[in-house]
C-alpha cells in the first residue's frame with residue numbers, strides 16, 4: 001500500500017476521480033468503521049490500520065507519512081468529526097421504533113410517523129393520538145419524522161442541565177451550574193450559544209476559504225508539474241537530437257564522447273523526471289485530502305446542530321488550519337531544462353584539431369555587446385564560454401564558479417601590472433560589496449518571512465517598502481556594473497589577441513564575472529518578487545490586527561511626530577515656561593493611527609495614553625544626549 005492507488009495519473013480528471021467519497025475508506029472501499037486520523041490528515045478504518053504500526057510509528061498507506069502512535073493498540077485516536085458525519089449520514093436509513101408501542105417504522109413510513117421535538121421521542125400515528133390527546137400536550141411541537149429538528153437541546157453530562165453558554169477560551173459547552181462554578185476571569189470568555197454559533201461559522205468560513213485557495217494552488221502546481229514532465233521529455237529529445245547531429249560530422253573522433261554525453265543527458269532526465277514525479281505524487285495525495293475536507297465541512301455544516309457544531313467545529317477549524325500551515329511543495333524544485341553542454345565537450349574533444357588552424361579568423365569589429373543585443377563574435381575559436389545573450393532579463397543563470405575565484409587569485413598573485421589585472425582588483429571590491437548587500441537583503445526577507453509564517457508577528461508595511469526600495473536600487477547598481485563590465489569587452493579583446501593561453505584564462509574569468517552578476521541580479525529579482533507578494537498580506541494582517549486588538553493602533557509615524565516635537569521645542573529653549581507648554585502640547589494624543597477604519601474616541605485616547613511613556617522615554621533619552629542644553633528641558 002505505497003500510494004499505488006494514485007499511480008495512473010493521466011491528468012487532473014484522474015486526480016478528481018481518485019478522491020473518492022469522503023465517508024468511504026480508501027483501503028477497504030467501504031463506509032468508515034471507527035475512522036482513525038493520521039498526522040497527514042488521511043482517515044482509515046480501525047480494522048484497516050490494525051497491525052501496521054512498527055516501533056511506535058504508523059506509515060500512511062497513501063503518502064507514507066510517519067505517524068507516532070501510543071498505547072498497546074498501536075492505533076491513532078478515533079476521528080470524532082468523521083465519526084459524527086458517519087453516524088449522521090446513517091440516521092435517515094436506520095429503523096425507528098415508536099417510543100410508546102415499540103412499533104418499528106421504516107424509512108418509507110417517515111411521513112406517517114411523527115416526532116415530538118418537545119419530548120424528543122418518535123411516535124407512530126396511533127400513539128400520537130393516544131398519548132398527546134390531553135390539553136397539556138397541546139403546546140408540544142409534533143412534526144413528521146422526516147422533518148424533525150436537529151436542534152435538540154442537549155444536557156450537561158455532569159449536572160444534567162441544558163447547555164446555555166459556550167466558553168470561547170476552553171472551547172466547551174456550559175450549563176448554568178458550570179457557568180456558576182467558573183472563575184470571574186473565565187466568565188468573560190463565555191457567550192450564548194447563538195453568538196458562539198455565528199462566530200464559529202465565520203471562523204469556519206475563513207478556514208474553508210484558505211483550504212480552497214490551497215486547493216486551487218495545488219491544482220495549478222499539478223498542472224505545471226505535468227507540463228514540466230512533458231517539457232523534460234521534449235527537452236531530452238531535442239538535446240539528444242542535437243548531440244546526434246553534431247556527432248555525425250565528427251563520428252571518428254568523438255565516439256567515446258558521444259556515449260558519455262548521452263549518458264549525462266539520460267542521468268539528468270532520470271533525475272529530473274524522478275524529482276517531478278515524486279513531487280507530483282505528493283501533491284496528488286494532497287489534493288484528495290483537500291477535497292475530502294471541503295466536503296466534510298459542507299456536510300458538517302448541514303448536519304450538525306449548534307451544540308454539535310460548537311463541540312466539533314473548532315476541532316474542524318484546527319484541522320483545516322493544520323492542513324493549510326503544513327509545508328507543501330507547490331513550486332518545482334528545479335528547472336525542466338536539460339543541458340549537457342555538448343558543444344563545449346565536443347570543443348574540448350576537438351581542441352587538438354582546432355589548434356592546428358589559424359587563430360585569428362574573426363575580426364574584432366562589433367565586439368561590444370549590450371544588455372538587449374546579440375552576442376559579439378569571439379576573437380579566437382577557443383573553448384571559452386559563450387557571451388551571454390539577453391541574460392539580464394531574468395533567465396536562469398549558473399551559480400558563481402569556484403574556479404573563477406581561484407583563477408582570479410592566481411592572476412592577481414602574479415603581480416603583473418596589466419589593464420585586466422587592474423580591472424579584476426576593482427571588480428572584486430565592487431562585487432563583494434554588491435554580494436554583501438544582496439545577502440543582507442536575503443537574510444532580512446527570510447527572517448520576515450519566518451516571523452510572518454511561523455510566529456504570526458505583526459510586520460510594518462514600511463519595512464517591506466524599505467526592502468523593496470533597497471532591492472530596486474541594488475538592481476540598478478548591478479545593471480550599471482554589468483553594463484560597465486560589458487562595455488570593456490572590446491578593450492579586453494584587443495589584449496586577448498596577443499596570447500592564446502592568457503586569453504583562455506582571462507575570458508573564463510570574465511564570463512564567470514558576468515554570470516556572477518547575473519546570479520546576483522536574479523537573486524535580487526526573486527527578492528523583489530517575494531517582497532511584492534508578501535507586502536499585501538502583511539498590510540491585510542496589520543489591518544485585521546488593528547481592528548481586533550486596539551492596542552496595536554499606534555500613530556502613523558511615531559518617530560516623525562517625535563522629531564516634529566523636538567523641532568517645536570527648539571525655539572523655546574530660552575524660555576522655560578515655553579518648554580513646559582510645548583511638552584504638554586506634545587503629550588496630547590494624536591488622532592491618527594494605522595487603522596484604516598475609524599475607531600471610537602474612547603479606545604483611541606486609551607491607546608495613545610498607553611503610548612505616552614514611550615514618547616516621554618524618547619524625550620528623556622534625547623535630552624540626556626543634548627548635554628548642558630538639556631537642562632532647560634529637564635527644568
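Each residue, glycine too, has its Cβ placed from N, Cα and C.
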Correct range for zinc finger (source Swiss-Prot, candidates 93-145, 146-198): 93-145
Per-state residue totals over the zinc finger (25-64) - DSSP helix, strand, coil: 4 helix, 11 strand, 25 coil
Protein Cβ atoms within 10 Å of residue 132 (Zn(2+) binding site), excluding its own: 17
Which of 98, 101, 127, the listed binding-site residues, has fewest other Cβ atoms within 10 Å: 101
The coiled coil (422-460) [mean pLDDT, rounded to integer]: 83
For the Zn(2+) site built from 98, 101, 127, 132, further residues of that chain with CB within 8 A of the site's CB center: 99, 100, 103, 123, 124, 126, 128, 130, 131
Tertiary contacts of the coiled coil (422-460) (same chain, 6+ residues out, Cβ under 8 Å): 325, 408, 411-412, 467, 470-471, 474, 477-478, 481, 485, 488, 492, 509, 513, 516-517, 520, 523-524, 527, 530-531, 534, 537-538, 541-542, 545, 552
